[in-house]
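Beneath this line is the structure, given in structure tokens, with notes to follow.
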Amino acid sequence: MTRYIFITGGVVSSLGKGITAASLGTILQARGLSVSMTKLDPYINVDPGTMSPFQHGEVYVTDDGAETDLDLGHYERFVRTTMTRNNNYTTGRIYESVIRKERRGEYLGGTVQVIPHITDEIKRSIQQGADDADIALIEIGGTVGDIESLPFLEAIRQMGAELGRGRCLFMHLTLVPFIGAAGEMKTKPTQHSVKELRSIGIQPDILVCRASQRIPEEERRKIALFTNVEPRAVVSCLDVDNIYKIPEVLHRQGLDNIVAEKLGLELPPASLQDWQRVVEAMQNPEGEVTIAMVGKYVDLTDAYMSLNESLRHAGIQTRHRVNIRYIDSEELEREGTHALDGVDAVLVPGGFGERGVEGKILAARYARERKVPYLGICLGMQVAVIEYARNVAGLEGAHSTEFTRHPHHPVIGLITEWMTDEGTVEQRSEDSDLGGTMRLGAQPCRLTEGSLARQVYGKDVVEERHRHRYEFNNHYLEALEAAGLRFSGWSHDRKLVEVVEQPDHPWFLACQFHPEFTSTPRDGHPLFAAFVRAAIAHRG
């Protein structure tokens, strides 16, 4: 019998509901429960796949090929579970489903309304995402008071009434600001946020109060009094310098005990030794390296959330602090590659569109010529191929058809047909819709014996997640192989190139897939660990 924990937020956005939910999930998992996690996003987009990274941050890709909110990345990194498209629903997706049902006549000619049709669809989606787990944590995006969130809040209010207090609880995340001029913390924003939530019909059982410093006991009692929440259920969550400390912070305050008691669960004690080891490794590094990340979304580092975390995970594995130097690829186009001087490795991540692509090509050339370790991901592989074709293989004018309609040498082109892991053929053209029309999700990749990729992974076949429309053009395979480029990873049908290497380089590897989506703080990822070790060796 699944029990539900609904997590809402108030006062301001970006309080860290996703990390709080994921931290609670990993504590409950450590106490022997199976845990599922779902994010409900109020925006009307069907998914974030076509949203600008500056608007939304990273698009996180699941094993089954869903383009989802970046919070699902936090869920997978904290909780040992695999997310699917059933773990992220948007207003657009909910309405799309309801409208399809109306067109099929499933509502028997009735008037389709927010209540009950939209709220029923939300409840059905929540139950589907729960997947019969012992505990289902449901995060409601946005802030209480937003008009977009109202259908979701109404749906969870109804579920609370239907399930009863023994099977669900409500946890509300708020901000308790410190006013420097007054020298005191202010509880009024939290009081008003809970008042707004109660006006909808939801009484929170637990308050998690974000604060920059310790909340005095007197203020906690005041919050409890005005919000009708038990004093012990007013939990402080102070700012920390490392998000992987949060599970221990919440556990020390007994959040998991409060949850277990309110849901009528008797559980064994939690062991958080894994997280203690993670934090200890990050706080006591044996050295440090600096890695240049050359992209065009560097003003908003959330656009590279999983990459940032993957490099930190590799730092945990190697016991080195990884300093990331963000470099705007357009800056390299304007001012040259001086910004790369002194780095221990270069990473070029994925991206879309022509802006800044020549700067990424310059970064790949810099790494190749100066023997600096290089890791290219998705577009980072494509620019490495373009650079090699132009400057080593002598294919003047080599480019991708994504950026130039008719290049002299289209070494990268649109994938018009490929086979999915289920054996079905996907076809696309330049006129296809942008949303959901890429090669998406986990796909097997066969690695060549004796290659760097095979050495790094330690096996012949790996499975990694993809998100791209363009691929290497196999017509140029022989020419580039003759020039010294090695193609060391292939799709399972050997039609698509997945990994390229430069054998005469100390460490140069580029992949079409996104390994950052499967890296976790406790287990890391072999590709990032090997990349950071190469950076350490280069640093000397």
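In case you wondered, yes, glycine gets a Cβ from its N, Cα and C as well.
According to Swiss-Prot, ASP146, ILE147, GLU148, LYS186, THR187, LYS188, PRO189, THR190, GLN191, LYS222 bind CTP; the candidate from SER13, SER400, SER451 that the record adds to this site is SER13. Of the residues GLU309, GLU330, GLU402, GLU449, Swiss-Prot places GLU402 in the same L-glutamine site as GLY351, LEU379, GLY380, MET381, GLN382, ARG469. Together with SER14, LEU15, GLY16, LYS17, GLY18, ILE19, Swiss-Prot lists one candidate of ASP71, ASP120, ASP131, ASP132 for binding ATP, that being ASP71. Around the Cβ of GLN191 (UTP binding site), the same chain contributes ILE223, PHE226, THR227, each under 8 angstroms and 6 or more positions distant in sequence. The binding-site residues under consideration are SER13, THR187, THR190. Their Cβ neighbour counts within 10 Å are lowest for SER13.
Counting only the Cα atoms, the space from CYS378 (active site, nucleophile) to SER13 (UTP binding site) is about 31 angstrom. Around GLU516 (active site), taking its Cβ as the centre, 28 other Cβ atoms fall within 10 Å, counting all chains.
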